Structures are given as structure tokens and as C-alpha cells.
Amino acid sequence: MGNEASYPAEICSHFDEDEIKRLGKRFKKLDLDSSGAVSVKEFTSMPELRENPLVQRVIDVFDTDGDGQVDFREFILGTSQFSVQGDEQQKLRFAFSIYDLDKDGYISNGELFQVLKMMVGDSLKDWQLQQLVDKTIILLDKDGDGRISFQEFSAVVRSLEVHKHLVTVV
């Protein structure tokens, strides 16, 4: 994992020294095999994450190097998005990235369907979910390109003030 104090200030800017130490302890508890990185299996060993249908998507967003695991640097960067000191734009970007599976800067009909399917499981039939997705795209897609841009997403989510609930106290 490395010495928490050795990380550059830009990745720790939302946390003070004590918070970084607490995050380091949490990370070590998650890192069951002491590999210096947390796998999906290790994340889902936490009861509060085990049943979360979006845990894989959160890990994918945190995992900036794409190796399938989250190292301490990625953990700090990822959790900083939920910091009380994290800004609205950062929280909105994170929420958007959960839906933007191919990271092209847009949420397509298919991406929205896939993420919502993760969330609802089998509680809706696919055709019902597709109707919901289609209606959502129609409502949010202000420029008529058939997909949701970050700006379109942000306008709606900002008005709902969802980003204010994306906060973790360390």
C-alpha cells in the first residue's frame, strides 16, 4: 500500500492527515490478502457492499488503471469524490461515470438499460425496463442526439440535489 504520507497532495486534497490514516486502516481491512490492492471479492466481503448491485460499477470507476483491482491511490482518489470537501462537479462526474460504461462521455440507451438492469434485477420485465429507459432518454436528451450528455445529466441531477447525498464522513 505504501506510506500514506508519501502520496502527492493533489490526491489527498480532500482529506487531512488523520482522515488519510483512517482510510489507510479501512483499506488494509478490505485488502484481505495483503496484496496492496482490493479485488471485487474483497470489496463484497463487506456486508454493506455485498448486496449493492452497483458495487462492480463503483470498482470499475475507482479502478483507473483498469487492472480489475483498486490500489490505495485509486481508493483515496475514489473516496475523495464523496468527501464533504469534494465539489459538486466531481460528485456529478462520478455519478455520470457509473452509467457511462464505455467512457465516451455519453449515456446511451443500451448503457442506461444495463445499469438499471443491475439495479432492478428481475423485478421488471426487460420490455418494461426498456420502456422506462426510452422515456428517460426522451426526457433528458435535450439536443435530440439519442443519448444523454454530461451536461444533460447534470442539469437533471443538480436540480434533484442528489450530489449532496454523495458524501462520506471519514
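Even glycines carry a Cβ here, placed using N, Cα and C.
The domain 'EF-hand' feature in TrEMBL is assigned to 50-85, 87-122, 128-163.
Long-range contacts of the domain 'EF-hand' (87-122) within the same chain, counting only residues at least 6 positions beyond its ends with a Cβ under 8 Å from a Cβ of the stretch, are 53-54, 56-58, 61, 80-81, 129-130, 132-134, 136-137, 146-150, 153-154, 157-158, 162-163, 166. Assigned with DSSP, the residues of the domain 'EF-hand' (50-85) fall into helix, strand and coil as follows: 18 helix, 3 strand, 15 coil. Per-residue confidence over the domain 'EF-hand' (128-163) averages 90 (mean pLDDT, predicted model).
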